[in-house]
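Okay, structure first, notes after.
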Amino acid sequence: MAIKLEVKNLYKIFGEHPQRAFKYIEKGLSKEQILEKTGLSLGVKDASLAIEEGEIFVIMGLSGSGKSTMVRLLNRLIEPTRGQVLIDGVDIAKISDAELREVRRKKIAMVFQSFALMPHMTVLDNTAFGMELAGIAAQERREKALDALRQVGLENYAHAYPDELSGGMRQRVGLARALAINPDILLMDEAFSALDPLIRTEMQDELVKLQAKHQRTIVFISHDLDEAMRIGDRIAIMQNGEVVQVGTPDEILNNPANDYVRTFFRGVDISQVFSAKDIARRSPVGLIRKTPGFGPRSALKLLQDEDREYGYVIERGNKFVGVVSIDSLKAALSQAQGIEAALIDDPLVVDAQTPLSELLSHVGQAPCAVPVVDEEHQYVGIISKRMLLQALDREGGNNG
């Protein structure tokens with residue numbers, strides 16, 4: 001995947017004559033020590049990130065960690081002290097004000113925690129407001145605003161006013177306003193944190209659905225671990241202005257970089273984080289490839305040689321066909337039938353995206369290890385009772 005947005009050795013130091021801080025940074029002084037000596041506040045320190053096109057990239061951290069400063073550096077709402085911010089390879093820290101306005105008009109948009117809707121304007125006019133300030137013609141901005149409202153399910157409220165909407169609906173208008181310019185990159189600064197938990201979950205689901213359709217590059221700032229795990233392809237953890245770890249949720253959960261990160265993830269229910277594909281074992285043992293010359297007799301010998309009671313049949317293209325057993329193969333042989341006759345009726349098969357929390361009852365009741373398939377019904381692997389229990393037991397080992 002191509003890199004859409006890249007940050008290289010980025011610093012933001014607040015205060016007069018910020019360059020004074022670098023000699024203390026080089027000596028290894030902490031953020032607090034630098035503030036005490038110089039009166040300068042270190043917002044972001046030597047941050048480097050590479051964000052891929054089409055991913056939802058979550059930046060997390062405690063209050064004061066630098067995450068909100070970071071997101072404002074990405075569109076130059078805040079000027080960097082040192083370092084690069086590259087969009088499609090162009091360093092926006094070095095472009096002119098006119099070029100920056102063009103980038104903000106066409107490439108990058110932002111959704112804030114505050115809805116910031118104009119109470120005297122309709123939903124449609126609020127959605128089109130940014131385009132109006134940018135000088136886009138009335139008809140064009142109306143069409144784009146209506147399309148954005150359709151994307152967030154508010155086209156029927158185009159002529160309503162903000163006070164007629166719920167909190168979740170008002171935040172959808174804020175999202176539509178950003179989507180109206182059809183940006184390549186969407187920055188979201190704790191955009192859902194002011195919402196009630198139920199509405200927040202609804203908005204997270206809405207964002208994931210929109211992403212599946214449009215594949216924008218989204219940088220999402222959050223302090224909510226559940227939110228980050230729910231929507232993020234990758235997560236960056238910030239501490240005292242530094243990026244201390246970047247990875248997928250399960251990479252960070254399995255290998256936290258330090259105690260700060262470990263504390264963030266302590267108590268995480270991994271049954272909600274990991275899915276069937278994460279623990280499925282792809283093994284040739286018990287795997288039967290359906291070919292013209294491979295019938296019940298060959299399959300039976302294979303299972304007996306491998307001391308397996310059950311086998312998993314796949315065909316060309318790794319397509320999953322079904323499950324057979326020693327008994328079903330013997331029955332097919334006794335009637336001189338093909339391997340199709342040995343397939344067990346209605347075997348339990350699970351989708352690769354199924355959370356581990358939903359697997360326990362299914363796997364526990366199954367007579368054999370459960371086959372896992374992807375959305376194209378391709379064979380991913382199997383999950384046995386022992387494998388599932390071992391995976392769930394990792395929660396205690398990693399977070400205890």
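The backbone N, Cα and C atoms fix where each Cβ goes, glycine too.
Features of the protein shown, as given by Swiss-Prot:
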- 29-265: domain 'ABC transporter' (DOMAIN)
- Gly61, Leu62, Ser63, Gly64, Ser65, Gly66, Lys67, Ser68: ATP binding site (BINDING)
- 280-341: domain 'CBS 1' (DOMAIN)
- 343-400: domain 'CBS 2' (DOMAIN)
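Under DSSP, residues within the domain 'CBS 1' (280-341) fall into helix, strand and coil as 25 helix, 17 strand, 20 coil. Of the listed binding-site residues, namely Ser63, Ser65, Ser68, the sparsest CB environment within 10 A is found at Ser63. In sequence order, Ile59, Met60, Gly61, Ile221, His223, Met238 are the residues of the chain that are 6 or more apart from Lys67 (ATP binding site) and have a CB within less than 8 Å of its CB. Under DSSP, the residues of the domain 'CBS 2' (343-400) split into helix, strand and coil as follows: 24 helix, 13 strand, 21 coil. Neighbour counts were taken as the number of other C-beta atoms within 10 angstroms of each residue's C-beta; across the binding-site residues Gly61, Gly64, Gly66, the minimum falls on Gly64. Long-range Cβ proximity for Leu62 (ATP binding site), meaning a same-chain Cβ under 8 A and a gap of 6 or more residues, is found for His223, Gln239. Listed in chain order, the residues near the ATP site other than Gly61, Leu62, Ser63, Gly64, Ser65, Gly66, Lys67, Ser68 are Thr69, His223, Met238, each with its Cβ within 8 Å of the site Cβ centroid.
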